[in-house]
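Reviewing the structure listed below.
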């Protein structure tokens with residue numbers, strides 16, 4: 001079973017680096033291993049980029065090992081050095097609030113029970129918050145060579161630019177100490193993180209060996225980019241794709257993955273789903289021979305939306321996708337799903353219809369950007385290509401009535417088969 005997890009991670013392409021592979025394999029084979037990954041609360045929510053380490057923890061649990069998900073309530077107040085410069089320090093209350101929210105998200109990805117593989121959630125503020133300056137310098141700092149710390153690539157680049165604060169420079173020590181604490185408390189023997197964390201993770205394994213005389217392991221997963229080299233998990237507007245449905249709607253989340261390029265979708269299925277090799281091979285064949293069906297993309301979107309938001313949200317999103325384009329009933333959508341779907345389908349540009357404002361179909365087509373001019377709008381109507389709530393509009397003098405508004409608030413405008421826009425009635 002334990003050797004199987006490394007084999008599975010290999011074929012899925014999920015191992016970027018690791019400490020001695022043979023020793024790790026032997027230790028995994030000798031019984032359940034406790035494995036951890038840490039997540040700093042640098043925002044109110046985790047984002048899609050966190051999925052790889054999160055799902056890797058889940059894979060270890062399914063293979064018979066015990067996962068620890070660590071919320072960085074302390075390290076989140078410091079900030080891991082990054083290339084773009086010094087981080088803005090958030091208040092302790094803000095970080096605590098974010099850590100609480102993130103903890104709830106972390107708990108969705110692993111199983112909690114009373115078995116030897118039942119997951120644990122920790123917060124490094126529990127031990128770092130009690131660490132005095134003297135203890136930090138004597139019990140941690142003594143084990144770290146400044147020469148080695150300066151050799152870290154991110155630190156080097158920062159020193160070549162505007163420099164780096166001692167606060168961020170010391171981050172490595174605090175993360176390394178997390179490994180010591182988790183080993184002492186739970187026997188944790190493996191830390192997992194993104195490949196940009198390799199230096200910090202190895203430093204932790206080294207500190208465990210130096211302070212406790214124990215051998216522990218380090219493993220990193222690849223940083224995910226698409227076939228064009230762009231960072232994974234960025235929305236159309238360039239922002240993060242958040243796991244919090246209030247920050248990224250389930251509809252927007254689903255649409256991101258259903259629009260995955262053919263060149264990326266099979267890799268994403270390996271990294272982000274628990275589908276078997278045979279199932280993925282079938283979807284790969286479908287992509288190569290029947291790409292127009294987009295079977296792999298639809299399966300990817302369904303798996304990940306269900307994983308993050310639940311089966312009910314996935315069903316609602318798929319119904320919304322069909323309804324917007326005339327393949328299902330708009331009236332069956334709840335208001336929140338309809339509103340989110342409209343905003344996403346129209347790139348966030350939902351026109352407002354105020355009392356007494358221009359409200360003919362011609363005005364609405366121009367206002368929403370579905371027509372460049374009133375003349376173009378009239379031609380679109382005359383050609384039979386304009387729909388409101390999936391009903392074809394026959395006259396360019398059409399004006400919406402109260403009964404036309406879905407949930408007494410929304411109109412769904414469509415030009416042709418693909419161009420969607422929303423109208424929201426306000427102040428009525």
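Every residue number used here counts from 1 along the chain in the order it is shown.
Each residue, glycine too, has its Cβ placed from N, Cα and C.
What Swiss-Prot says about this protein:
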type	residues	note
BINDING	36, 171, 175	L-tyrosine binding site
BINDING	234	ATP binding site
DOMAIN	359-416	domain 'S4 RNA-binding'
MOTIF	41-50	motif ''HIGH' region'
MOTIF	231-235	motif ''KMSKS' region'
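Positions of the features from Swiss-Prot, shown on the structure.
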| residue | record | Cβ within 10 Å |
| --- | --- | --- |
| 36 | L-tyrosine binding site | 26 |
| 171 | L-tyrosine binding site | 20 |
| 175 | L-tyrosine binding site | 28 |
May I ask for the residues of the chain that lie six or more residues beyond the motif ''HIGH' region' (41-50) and have a Cβ under 8 Å from a Cβ within it?
71-73, 76, 79, 87, 90, 95, 97-99, 101-102, 105-106, 194, 224, 231-233, 240-244, 247, 256
Would you list the DSSP helix, strand and coil counts for the residues of the domain 'S4 RNA-binding' (359-416)?
20 helix, 12 strand, 26 coil
Does DSSP put residue 175 (L-tyrosine binding site) in a helix, in a strand, or in coil?
helix
Mean pLDDT for the motif ''HIGH' region' (41-50), rounded to an integer?
91
